[in-house]
Amino acid sequence: RGRSYYVDHNCRTTTWLKPTLQASVTTETSQLPSSQSSSTGPQAQAPTSDAAQQVTQPSEMEQGSLPKGWEVRHAPNGRPFFIDHNTKTTTWVTLMLSNPRLKIPAHLRGKTSLDPSSDLGPLPPGWEERTHTDGRIFYINHNIKKTQWEDPRLQNVAITGPAVPYSRDYKRKYEFFRRKLKKQNDIPNKFEMKLRRATVLEDSYRRIMGVKRADFLKARLWIEFDGEKGLDYGGVAREWFFLISKEMFNPYYGLFEYSATDNYTLQINPNSGLCNEDHLSYFKFIGRVAGMAVYHGKLLDGFFIRPFYKMMLHKPITLHDMESVDGEYYNSLRWILENDPTELDLRFVIDEELFGQTHQHELKNGGSEIVVTNKNKKEYIYLVIQWRFVNRIQKQMAAFKEGFFELIPQDLIKIFDENELELLMCGLGDVDVNDWREHTKYKNGYSVNHQVIQWFWKAVLMMDSEKRIRLLQFVTGTSRVPMNGFAELYGSNGPQSFTVEQWGTPEKLPRAHTCFNRLDLPPYESFEELWDKLQMAIENTQGFDGVD
């Protein structure tokens, strides 16, 4: 009675002897995965082990094959495990000691390890990451005692991006819209453009504005860049829309400007005529390009302010529309609406800055003599909104709509509201990785559980939003996602899922077939190799060589 005894929970035995002599063994084995049921993955079963047995030492030949700071030992059941004395961690994963091209597995290297200090952040409370015997990573949810291959951090919107706002109503409208867009029978089979990348805006302008009958722009697009051989099955056309968008909407050319200092949505520059005397012709050209994008099911790379879409639909602009454009301006007008502004001594004038100088503009005749009061404040707000969004750009907007409606019937576009029209023209700017994964197909030996595919998605998760969009543009030719996400991704022959196919050898860079939304991904031997080669492909690949 009162005598101490000791319980070995590893093998479910008890002893009167204090296990101090086995401390070194216990210390090292305790760092291993707690049981082989965990280390062999979600579907494995746990064999019994005797923790009291001595861990065997490896041969000198085995030790000599390991990287610096690594040691191999054997568990009581004879299974080898590896100790990294650099990081004081252990792993079951085989390091292929007999392979002269020995590499430490990606998940063991500090800079890419999915531990709490990694780029993906810590696991949710109660979760643990383990490594399967074949090298794959899986996850244990100790809260409900279950395992899974899926990283629980994939549900974190901060990492994966916002979920796709699926809309059945939009889908029905879009399908109706596509059915009504009928191709003319008396136009050529294709519309060809031979362009130079360095002057893509000027070349495109001359070619498209040189077309007297806009219906010709409804023919199949066939685009070639100077010095690049390629068969355009849709991929080059998608890249052209991407490139031309960057040029058309660049404020450097003076046609568009950013809506506010902290907002990168675009609006028409009311002073565009001072920057380009042919500005109205260019706005008609931009309207034609936008109409071509909508007609051919492509997307523009840029977002306009909400009033722009409402003007396309001939809808009135309201104070609420100001909120998403310029928050400070909106708050000021909102305060005037909700309070008596008489004491502010406001007049029916507004300040306008032009080339660094401020000019006053009267909102109505004699406006500089009219004080804004509680009685006329609604008229004042209305006139401010009309001046801000409508009056200053009427000619430019009319030219844009002229070009756009040459290809898209005006009455047909009205089935969409302003939010849907934005999605129709520009798609989604954010990428939802969960949606991306869910609608990706694999070919030629790859599968969702293949190690290289797991590394691929790990790489996507570790990218910031810009890098993900660059990857998407590399593979599909566009940086935008359709309204209802990757499920509605289109290729050259209609709906075409994002596809990853095993191809080539580890020495090669990934390559893309934008017409088919396909990434040819070599079977790389480590995560670092995949990461580096994928980055190189995204950053340095431009142009088409062969079929695309």
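Each residue, glycine too, has its Cβ placed from N, Cα and C.
No curator has checked TrEMBL annotations; they are predicted automatically.
What TrEMBL records for this protein:
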- C515: active site, glycyl thioester intermediate (ACT_SITE)
- 26-47: compositional bias 'Low complexity' (COMPBIAS)
- 48-62: compositional bias 'Polar residues' (COMPBIAS)
- 1-21: domain 'WW' (DOMAIN)
- 64-92: domain 'WW' (DOMAIN)
- 121-154: domain 'WW' (DOMAIN)
- 213-547: domain 'HECT' (DOMAIN)
- 26-81: region 'Disordered' (REGION)
Confidence over the domain 'WW' (1-21), expressed as mean pLDDT on the 0 to 100 scale, is 62
Reading the DSSP string in three states, the entry for the residue listed as 'active site, glycyl thioester intermediate' is helix
All chains considered, the count of other Cβ atoms within 10 Å of the Cβ of C515 (active site, glycyl thioester intermediate) is 24
